[in-house]
Structures are given as structure tokens and as C-alpha cells.
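So that you can see what the record holds, here are the features copied from Swiss-Prot:
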type: ACT_SITE; residues: 25; note: active site, schiff-base intermediate with substrate
type: ACT_SITE; residues: 58; note: active site, proton donor
type: BINDING; residues: 57, 73, 74, 75; note: substrate binding site
type: MOD_RES; residues: 25; note: pyruvic acid (Ser)
């Protein structure tokens, strides 16, 4: 059996520009591509945190060290400069690959510089203000105790 698994993600990247009159794709800083193990032409899902839009496209390498996250083509109708996005790549793996594989999870700052690299798809970096599913039982217990 083959399974489609999250291979890598760049979490909470800031869109630096959007160009409607472009052939298509998303331009990603080559440093971020390397950190997330993304190749030029690789399919990615883009999730816009600000408006909920989800779309699929492919990656084009941007200038190394530039922090570029550029939305190109028709996707520019859905995602705007300044929006926070998650770029997710999936891979189709057999049972053995699934057991041995660790995804690449890259958290970035407002300038799209990597600040946290890991392999846990549900990890939230310390001080990020994000809630991880692994925290829900603790949060539920805190809520219940505050109601008493």
C-alpha cells in the first residue's frame, strides 16, 4: 500500500509579492527550499492563514537569502502580499518509507528567515503563540479548572 504523507512544510511564511501576470507557481527563496527539501517544479499546497484559501501550484527557485515568497499567476487573486501562508509538500511513500521517513518542518520569522527546524508536523516553537494538538488536553484541563 502507498500512503500520501506530509513531506515538508514552511510554516507561517509572509507573502512578499503577488503577480497576476505571470505564468504561475510560487517563488520561494532557495535557502527555504533547501531547508524544507523542496525542488524546483515540486508540487505544493499553499494555505493562506489570513483568508483560508487553499491552492496547489509548483515551486520556482527564488534568490538565495532574499526571503521571497512570491505568489504568481491566477493564485494572486487568492493570496496577497503580507498574508501569512503555509507551504506543504506531500510525498507518496510505501509502508517501509513511511516508517523511516521524517518530514522537514520549517518555521520562519516575519522576514522568512528559518527560526525553527524540525520533523514533528504538530510542533509549535516555544514563544510562537501557536497551539499544538498535543496541548489540547492541557488547555481543556486549564479551562475546566478556571470554570470551577
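Glycine is treated like the rest: Cβ placed from N, Cα and C.
Positions of the features from Swiss-Prot, shown on the structure.
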residue : record                                               : contacts (Cβ under 8 Å, 6+ apart)
25      : active site, schiff-base intermediate with substrate : 57, 58, 59, 60, 72, 73
74      : substrate binding site                               : 20, 24
75      : substrate binding site                               : 18, 24, 26, 46, 55, 57
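Annotation note: residue 73 (substrate binding site) sits in a helical segment as assigned by DSSP. In this structure, the recorded positions 57, 58 were compared by how many other Cβ atoms lie within 10 Å of their Cβ, and the smallest count belongs to 58.
Sitting within 8 Å of the Cβ centre of 57, 73, 74, 75, and not among those site residues for substrate, are the Cβ atoms of 22, 24, 25, 26, 55, 71, 72, 76, 78.
The residue listed as 'active site, proton donor' carries a strand DSSP state (E or B).
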